[in-house]
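Residues annotated as domain 'CARD' in TrEMBL: 6-98. The feature coiled coil is assigned by TrEMBL to 140-223, 364-405. The region 'Disordered' feature in TrEMBL is assigned to 441-496. Residues or ranges marked as compositional bias 'Basic and acidic residues' in TrEMBL: 473-487.
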Amino acid sequence: MSDYENEDACWSALEGFRVKLISIIDPARITPYLRQCKVLNPDDEEQVLSDPNLVTRKRKVGVLLDILQRTGHKGYVAFLESLELYYPQLYRKVTGKEPTRVFSTIIDASGESGLTQLLMSEVMKLQKKVQELTALLGSRDNLAEELHVKDSLLRKLQERVQRLKEACEAGSRELQRCKDENYDLALRLARQSEERDAALTGHRGLLLEIDQLKHSLMKAEDDCRVERKHTLKLRHAMELRPSQELLWELQQEKALLQARVQGLEASVQEGKPDQGRPYIQVPEEDWQKAQRDLQQQAATIFSLRKDLRQAEALRTRSAEEKETFELQCLALRRDSKMYKDRIEAILRQMEEVAIERDQATLMREELHAQHARSLQDKDALRKQVRELSEKVDELQLQLFQREGQLLAMEGKLRRQQLDVLILPADGPLFCDRRAPTWRTAHPGIPKRQPGYRGEPGAAVCGPARGAAITDPGGRRTERPGAPREGEGPAAPQGEL
């Protein structure tokens, strides 16, 4: 019935079998069931069964089909159910499906004994089906438990992967932070090195300026010393210079001597002796000789004075050169001392730099060793954490397996308890004719009262006519002859 999409399609499919339906169906047989399904009202039933215009059975069936077609899908379903109950072969031909309700046929054919056998066989089939479903349910429970264990294990692995990812991300962030710190430290070290180099360069420049100032100072001192010596010489010369009175007297004496010499020369030239002196007779030869000697002596004195002046000039120049050389030697000594001090300072700085380099090398080696030890400790701790994580995972896996086994045991125990409540499929059934209730020969199963709704899978046999039958699925089915509430008298025998 679920194969049809709508009412028109359903009834149009049923119209193809209208001739066969009209020729086979007895309206008096299916109208009670249709009225029970509330697709026919009493007027419709009276029209179909008692209308004088409807003389033949085929006309009654045609009118019944028209009335049901007006009810729509509900009438279509009720009509197919009535065919399934009363005309199973026709139902098979119309729908192409096997009928599942055959009670009315058996009741019509063999009465209540056939119904009893049918119910017994159906109960046994249902018990077998319940056992099969129970086994299938157990297998599904086991599969669900296995899937639950696998899902738990998968979630655990996913959590572990997530933890590893988080640890990896944390390690990456830590590595990036260390790289940033290392980069910052390198920048700071570079800046400090640049500042140190700039300071050293400035220090060297200041040392050079100091040396230049020292050299300028020494040169100024030497110049000052030379000027002081020249000043002393000039002062000494000024002290040795004769006074003005002495110079005046010497000039007067010189003038007198010059006048006398001129007078003598004039008298000699005239051949007359000087009147102011006594006359001395001097031979001519002696006079000339004396004059030549005097000239020679004057020339000698002049040459000696010239040599003296040259010697004094040479001595003065030599003294000046000596003083200059002494000053240069002093400057060279001071320069050599300055360069020596500078070289010693440079050597001391180089020694300090070498000491700092050795200290930095030792510190770097210590830091490398400490970093290597920290890496080894970190690797060891990571290994321990990994081993502990694997151990925890194994323990959790064992716990999940134990939980799965526990759940399997609980399911097995529930199935065993359910099997205890379910009647065995091969248990002998007998009917107590003195009571309207069927019971089993199993000693642990109590008697069932009429209309009892048993547990799922429990067997309920042979209620009295007019009582309700409860199938293993919990559905209630009216026994033939049992009227529903609000309906008319009970349907004839053979109606369900």
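Cβ atoms here come from the backbone N, Cα and C positions, even for glycine.
Long-range Cβ contacts of the coiled coil (364-405) within its own chain (Cβ-Cβ under 8 Å, at least 6 residues beyond either end) map to 145-146, 148-149, 152-153, 156-157, 160, 163. Residues of the domain 'CARD' (6-98) grouped by DSSP class, helix first, strand second and coil last, total 72 helix, 0 strand, 21 coil. Confidence for the domain 'CARD' (6-98), expressed as mean pLDDT, is 87.
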